[in-house]
């Protein structure tokens with residue numbers, strides 16, 4: 001990912017009080033923020049009610065949008081499921097006459113999946129065990145009547161068995177490109193407009209996926225599904241953050257992830273009820289057409305409207321909120337709107353001063369966090385590596401982002417390969433995320449960031465290590481497959497909690513002056529992890545222990561790595577590189593003096609799994 005555009009993604013989440021991008025953002029919004037402090041916008045939001053009916057309805061709507069995102073991410077687990085299969089015998093020959101026996105990936109003897117005797121009919125001995133590739137296609141053993149997948153439809157086995165995982169990888173690459181190219185567009189055209197356009201485009205592409213004539217078309221379309229899905233997820237999240245005031249937005253932002261877990265569980269139900277993969281794709285995509293109603297039911301982000309100076313639409317939105325929440329009239333509404341309108345009159349002059357001060361680079365930062373002395377410094381991504389301590393923190397965070405993304409998506413995509421019912425396993429996989437989010441919220445408020453992340457990663461590592469060495473049966477023949485599945489779910493619980501807490505930690509540890517650059521780099525490594533995850537799972541086709549070995553080792557190292565980072569709970573956010581360099585230099589402390597968090601500090605335990613997500 002290009003770092004400048006990634007900065008805008010973090011800016012959407014972190015800069016709660018304005019809609020402009022940080023880094024290469026829209027100069028209009030930057031200029032306005034110089035004139036209108038975050039407090040001006042917050043005062044408007046405060047007067048419109050915290051948990052009013054309007055805010056709750058918007059939260060539910062965006063939660064459902066987030067739930068839809070999980071369907072698109074994980075539907076490939078069923079669409080690309082590889083059933084048990086073997087070569088189809090020629091003519092009337094039996095399996096014994098046609099196929100050799102071989103040990104499969106689970107250590108069991110089974111008919112060969114990819115080879116058959118050259119001249120079947122007299123048994124293997126008569127022809128010297130000479131084998132060739134399957135000559136007559138394959139026979140698939142589906143779990144249910146009517147069940148299909150792209151693997152069985154297009155024979156994506158043997159030499160072509162990489163294509164189903166390639167489709168998932170292409171989705172992840174598309175999600176990366178979505179943050180790069182489409183997400184920043186929402187700063188200029190609005191959250192609602194970009195989100196709805198992507199929802200409808202994704203619905204059309206989803207229908208096209210259902211009618212894909214070949215695996216090549218299917219794989220290419222997954223790329224565009226990924227582009228849309230990430231953009232939708234980020235816009236929906238920002239709409240929630242920008243609708244609630246600073247005193248009430250933490251809980252909605254945190255709890256939005258519960259809808260994601262609900263989406264995983266809903267997918268298990270849909271896949272069970274709709275065994276045909278083409279019909280399942282339609283079931284996932286077509287309901288998005290209903291969001292056409294959002295044209296009339298969903299207003300644009302009020303924060304974005306105010307910051308962009310769209311006073312007329314902002315006024316209409318305020319009146320709508322007052323009506324829905326049954327609030328008294330907004331006193332001095334005209335005067336409030338004039339304050340934002342007046343800010344536009346000196347826009348060109350402010351832009352000129354901004355460019356002169358920064359050498360042509362527009363640095364979008366909030367007044368309340370960025371000291372005036374730093375406003376005239378044009379920082380670049382190279383500043384992340386400029387000082388020893390910040391550089392060390394950055395490298396450690398890069399690893400944590402990579403390993404969390406890799407392990408989360410890797411374990412998720414490994415779930416259908418577990419013994420037992422794949423629908424039940426997926427349902428449980430989604431269900432274990434709920435307590436993980438709850439524990440994440442509680443521990444981050446009560447304990448902090450570092451130790452909870454360490455604990456979550458240790459849980460994941462320990463569970464995966466046990467899975468690696470767990471035998472298939474006990475000495476007396478007791479099957480341990482259920483224990484194996486349970487341990488994988490414990491690992492999923494651990495990595496979910498760590499992944500969720502990491503976003504809050506990552507946004508707090510870097511100084512304001514380079515925060516977007518640093519988190520942008522972290523997101524780059526996060527995307528490397530999500531892109532690599534399907535390929536790690538692909539290795540399970542040759543070694544079932546390899547994926548869990550990778551996840552166990554990397555999360556164990558991550559649990560150690562996080563202890564070399566400072567605690568950020570209940571400390572003021574660092575403003576400059578110099579402040580970070582002085583962390584830990586006073587006796588008996590490894591962080592800045594404990595003070596109440598700045599109101600502008602990001603306070604969300606959230607992962608963009610559309611992603612991110």
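Glycine residues also receive a Cβ, built from the backbone N, Cα and C atoms like all the rest.
Pulled from TrEMBL:
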type	residues	note
COMPBIAS	1-10	compositional bias 'Polar residues'
COMPBIAS	25-37	compositional bias 'Polar residues'
DOMAIN	116-570	domain 'Major facilitator superfamily (MFS) profile'
REGION	1-37	region 'Disordered'
TRANSMEM	56-82	transmembrane segment
TRANSMEM	162-182	transmembrane segment
TRANSMEM	194-211	transmembrane segment
TRANSMEM	217-241	transmembrane segment
TRANSMEM	253-274	transmembrane segment
TRANSMEM	286-307	transmembrane segment
TRANSMEM	396-417	transmembrane segment
TRANSMEM	423-444	transmembrane segment
TRANSMEM	451-471	transmembrane segment
TRANSMEM	483-506	transmembrane segment
TRANSMEM	546-565	transmembrane segment
With a cut-off of 8 Å between Cβ atoms, can you find at least three pairs linking the transmembrane segment (396-417) to the transmembrane segment (423-444)? Only pairs 6 or more residues apart in sequence count.
yes
So which residues does the transmembrane segment (546-565) touch in its own chain, when a touch means Cβ under 8 Å and the partner is 6 or more beyond its ends?
392-393, 396-397, 399-400, 403-404, 406-407, 410-411, 414, 450, 453-455, 457-458, 460-461, 464-465, 467-468, 488, 491, 494-495, 498, 505, 509, 536-537, 539-540
Need one number: mean pLDDT over the domain 'Major facilitator superfamily (MFS) profile' (116-570).
83
The recorded stretch from 56-82, 217-241, 253-274 sharing the largest number of CB pairs under 8 A with the transmembrane segment (286-307) is 56-82
May I ask which of the stretches 162-182, 194-211, 217-241, 253-274, 423-444 has the most CB pairs under 8 A with the transmembrane segment (451-471)?
423-444
Which range out of 56-82, 162-182, 194-211, 253-274 gives the transmembrane segment (423-444) the most CB pairs under 8 Å?
253-274
The answer for the transmembrane segment (162-182), taking Cβ pairs under 8 Å and residues 6+ beyond its ends, is 1-2, 5-6, 9, 73, 76, 80, 82, 150-151, 154, 156, 194, 198, 215, 218-220, 222-231, 234, 409, 413, 523, 527, 530-531, 533-535, 537-538, 610-611
